[in-house]
Amino acid sequence: METGGSSEIPTEPKKTKSKTARKPKENPLKQKSPAEFFAENKNIAGFDNPGKSLYTTVRELVENSLDSAESISELPEVEITIEEIGKSKFNSMIGLVDRERIDEELYDDFETAKAREKRLAKEARTQELQAKNAALGKKVKEPQASKGMKGRGEASFYRVTCKDNGRGMPHDDIPNMFGRVVNVAAREFLSFRVDIRVCIHAVLSGTKYGLKQTRGKFGLGAKMALIWSKMSTGLPIEISSSMKGQSYISFCRLDIDIHRNIPHIHLHEKRDNKERWRGAEIQVVIEGNWTTYRSKILHYMRQMAVITPYAQFLFKFVSDTSDKNVTIRFARRTDIMPPVPAETKYHPSAMMIYHFSGEMGPDFSPKMAVKSLTSQQIVRIHQLFRQAKFDDPSGDCLSPAGEYNLRLGIIKELHPDMVATYSGSAQVFEGHPFMVEAGVSIGGKDVKQGLNIFRFANRIPLLFEQGADVVTRTALKRINWNSYKINQAQDKIGVFVSIVSTKIPFKGTGKEYIGDDISEIASAVKSSIQQCCIQLKSKIVKKIQARVQQERKRNLSKYIPDATGAIYDVLREMAQLHASKKKRYEDEDADVLRKVSTHSITKQTLSEKLAKHVEQVDYEMALEYATQSGVSEEPREAIYLQSLEDGKNFIDFHSPVFAFRLYQ
């Protein structure tokens, strides 16, 4: 008799006259909820291990805060705090108490008698060797602490808190915003290209199906952090939020039912908002590893400060060990924000399918329903789209950082000796508009020799899988740095490339790098870097010329004493011959020799005259250099930037390249 869960191959049923209705066979395929899908595939969302999970949690919370503030045109102020939680404190948080062990062998840090004997023998040999080295005067290394096996009880836990001044969240929507994963995000993992039928439907029917530049990768935000918290600690997330004009603060403590994909609310209430605070504060406790990902997190914050100089960040790491504490403030440099991204249609959205009617054959009509198209007609439309020539999009739907902000960010964080920036025009790939901005700097603070590559996609830093990225490959293999007077091996070179688009063509499920197989993007990246190098070359050449001029002046000045002495000796001999009438000189020569005889001209006066001549020649050459480079010789006056605080009336005139403010 068959069972619903049997995996055997069903045989041909015998015909019987049984009146009992046969039960339908159960479907062995189980449908998983989106939350369950992400929980089982957390690695492709950036939660590969505890250290990467800590980094990704910080990243998601920071980017959510920036989006929230920018959506209401508010200059972002983001505070991010990572608090290390000790083992005993964490156990008390989850309701565990330390108890006396009954059977030591059950624990992974148990040491057998044989292992203990072996360890003590090794320590004795080490101490004996150190004593011999000390007697011989050799340097003695400090003994390393023995490393025991790290069990689950020794995992590291952290409380991550992110506070911003953004829009806030509606009170009733908070549970679903954090405790429910929508299917759209899951589908993003399974498909990276838009189906051709969707594009055709958008053109044929004139639908409002559109695209928009977004910061995130999958639209998960803090939801994945909540899933990781649920899996690693079991502790709920806490959210405080208040919107503009609200007299209360919404407080919600919840976790997520992963299998049912619904929020599990512990507490949801309204609290007094006496200070009229607006924004959001999210607090989550997760397993992590600060030691291994410390540099990545700090590097991410620094790069975020470069690409968003209009934002203010305060980062803190708090530990019971005071020497591990970190506090870094990334100050705001400008209050000029990029425009909010606008929704747009697929390019070319304005191109009517009627123009292709003649190319489609007699069986095609512009009024045909999409579902009635044959496979051959779909392929033909796709071919026509690829072969037709369309103008580049305007780029109005995109929100790049702007050349002005990019330059300010580089100067603010790296303090380079020189920097050049370039913003390319909008282009298109596979129906998606994109723009490339680039910056190249020479020298700077905390910059290593060689190429230091900073990659950004939709104004967020990309820190992993750098080697396969289009920016890295272009900078390493397609730019001839020597032709721009830049030494790739010895100079401290910073390469900054920001790509914004309605769809970033990430490679791999982790979406950590952009491949160089898309010729349009690869060409735009190369062109943008080259434009920056051309600007730097002119500066470097002028700097080299100035250095050569200074070296020439220094060499001339070095030989002034010797030249003065030789010239004076010759003049003195000539004066003696002129006085003895053995050889007569006339006019100006005779006057000079007379001054030498009367000591009106001495070695000192000759030295002063020659030094003055060198200075005059140097000044004339410097004046010619300044005239060619457009530097005015008029006296310069110090100009001080006004404070960014409110209280003054002004009018802004700005573009992606510059910003001008007229105070009234």
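Placement of Cβ uses the backbone N, Cα and C atoms for every residue, glycine included.
Here TrEMBL flags ASN64, ASP164, GLY216, LYS217, PHE218, GLY219, LEU220, GLY221, ALA222, LYS223, LYS511 as ATP binding site. The feature domain 'DNA topoisomerase VI subunit B transducer' is assigned by TrEMBL to 393-552. Residues or ranges marked as region 'Disordered' in TrEMBL: 1-35.
Structure coloured by features recorded in TrEMBL.
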residue : record           : Cβ within 10 Å
ASN64   : ATP binding site : 22
LEU220  : ATP binding site : 23
ALA222  : ATP binding site : 21
LYS511  : ATP binding site : 23
Model confidence for the domain 'DNA topoisomerase VI subunit B transducer' (393-552), as mean pLDDT, reads 89
